[in-house]
Each structure stands twice: as C-alpha cells, then as structure tokens.
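For reference, Swiss-Prot has these:
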| type | residues | note |
| --- | --- | --- |
| BINDING | SER51, THR52, ARG53, THR54, GLN78, ARG102, HIS129, PRO130, VAL131, GLN132, CYS264, LEU265, ARG292 | carbamoyl phosphate binding site |
| BINDING | ASN160, ASP224, SER228, MET229 | L-ornithine binding site |
Amino acid sequence: MRHFLTLNDLDKNEILDILSLAKDIKKEAKSRNYISYLKDQTLAMIFEKSSTRTRVSFEVGIHQLGGKGLFLSSRDIQLGRGEPVKDTARVLGRMVDMIMARVYKQSDLEELAKFSGVPVINGLSDDFHPVQLMSDLLTLSELGLNLQTMKVAYVGDGNNMTNSWLMAASKLGFELRVATPKGYEVPQWVLDIAKQNSKISCANLIITDNPKAAISGADVVTTDTWVSMGQEDEKEKRINDFAGYCVDDDMMSLAAKDAKFLHCLPAYRGYEVSEAVFEAHAGEIFSEAENRLHAQKAVMVWCDRKRYE
C-alpha cells in the first residue's frame, strides 16, 4: 500500500506519472466526462486546520470521481478530545476507503498511515504540503516549463512550502534557490534529505538570505504568507523581520523574461507580494488554485491503484 505523506516518499517517475494522470483527469473534467475511478468509495477528511482550497478541492474531487467525502473537524471526532491517533486510525480504516488529513504534526499522519490500513494523504502539515506542490508542478508544466531544467526562486519563510519545494527539486532535478531571512531558515534535517536526493537527481540547491540574488534570472518566483496559521502572535515581529522580502515589480524585474509567479494562497498584498505583481500574475495564481482539484484527484486515484502493492 502506498500513502502520499511527502514527495520524499516518491521517486521522480512516480511524481511525473501522477502529473500525467492529473492532466488526463483534468481533460476529462473540462469535457464534462467524469469517470468514476473511485466509485462508491468514501474519503474521510480530517481537518485540525481550517481551509478553503483543501476542503473544497477534496470534497468536489472525490464526488467527481464517484465517491463521497466525509468532513471531520477536530470538534467532530474523539481525536480532538484526546483519543490516541492510532485508535482513530484503526476505527476509520474499518469504515472508509481512504483518509486525507490536514494537521499540525507530520507524526500524526505517519501514525494514521501505520494503523489505518487504508491510503493516507497529507492535506497539509507543519512540515510538508505535498498536494500543493503537485498543483504547482502541474501548473508550471501547463505553462510550458520543463520540470527538470527550470530555475525556481522561493522567497520568504522557511516553512512547509519551502520544505516541499526542496523535496520536489531534489527529486526532479530542477534548480531551486531559497531565500529566507536569518532566523527563518529551512530546518537542517530537511536540507539533509534534499542534499541526499540531489546526489541522484543532480539538482542545484541554493540557500541564501539574499532575495534579489535568488530571483535573478529565475524562470519561476514563488512565495507564501509570512504569518502562517498559529503564528498570529508573532505577526508584528515577522513583518519587521521580513522587510525586503516583498516580491514587487522591482524584484520581479530581476527574474527571467516572462517569468512566472505562483502563490499557494491566501495572499496578503503589501506583505509577501505587491498588489501589482499579484494582479499581473493572477491568471497563473488562480490556475494554480484550480489545479489543486485536478492534482488531488490524481493523487487519490494513484493511491487507490497502489493499494495492494
């Protein structure tokens, strides 16, 4: 059985296979030709963290695949009242066909995968956001980027998105420049994994605290909010610490001609990205948001097909 907890669990060909499947599924959806790949299956959707895009895309996605989504907030189930994760996993695994969880701790996802007996998908954790990366990669591929030779600049907080970009780059082999302020760097354990993967993929990983150097000549520029869920008390300090990291017109002018800009949303204009840059690249950003639906449908179908491996 295969789970989808982090891109580090997949090899290059598996990532590309899921993206190819996503393109096929998207083409079917655009022609209103919905194929019931997961007919009568139930997806349990555990939400410790609230979300717009994750809930809508998974709930619509499983419906379009012929199944049903079951929304479970931490207030609705015993997991939010102190029940061990492994007990929740063993109960759900006897009643549903697949689990998607959007949680704080990556270890909770690993526990669900270990004890549930059904495929588990990471809808987001504090460490990784792999379904968002699949959406980003799908979007860039549709925009004509070569996923193995492109140059990507990530500017901002060293968070779950940064970690996921490092996993993607180190598996596929593209160049990734990561610019974070001092004190907000990528965890060393994540860098160690990425560097080890890069011995095979030959990915060029550049870590810096200079956002302009990172963006210079980049084919793709991406960022994320400076204040993630649960960090609201740090907002004022973070805004001060991230001074000089706003992706504005001056910053984008350093990138390659016709460079793309992505943002996983929600975006806070005037902070991590300027209003002008956001609106100039709104088509790319909202295609990226839509592609959460198609990429995640592909992930669910892939997990189902790998159920007995």
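First residue shown is number 1, and so on along the chain.
Cβ atoms are placed via backbone N, Cα and C, with glycine included.
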Euclidean distance between Cα atoms of ARG53 (carbamoyl phosphate binding site) and ASP224 (L-ornithine binding site), Å: 15
Same chain, 6+ residues apart, C-beta under 8 Å of the C-beta of HIS129 (carbamoyl phosphate binding site), given in sequence order: ASN122, ASN160, MET161, SER164, CYS264
Distance [Cα-Cα, Å, rounded] between SER51 (carbamoyl phosphate binding site) and MET229 (L-ornithine binding site): 10
SER51, ASN160, SER228 as binding-site residues, winner by CB count within 10 A: ASN160
Cβ-based neighbourhood (8 Å from the centroid) of the L-ornithine site, residues ASN160, ASP224, SER228, MET229 excluded: LEU124, ASP126, HIS129, ASP157, ASN159, MET161, THR225, GLN231
Three-state secondary structure, ASP224 (L-ornithine binding site) (per DSSP): coil
Position of peak Cβ density within 10 Å, selected from the binding-site residues VAL131, MET229, CYS264: VAL131
Cα separation, ARG292 (carbamoyl phosphate binding site) to MET229 (L-ornithine binding site) (Å, whole number): 20
For L-ornithine, whose listed binding residues are ASN160, ASP224, SER228, MET229, the greatest C-alpha pairwise distance in Å: 12
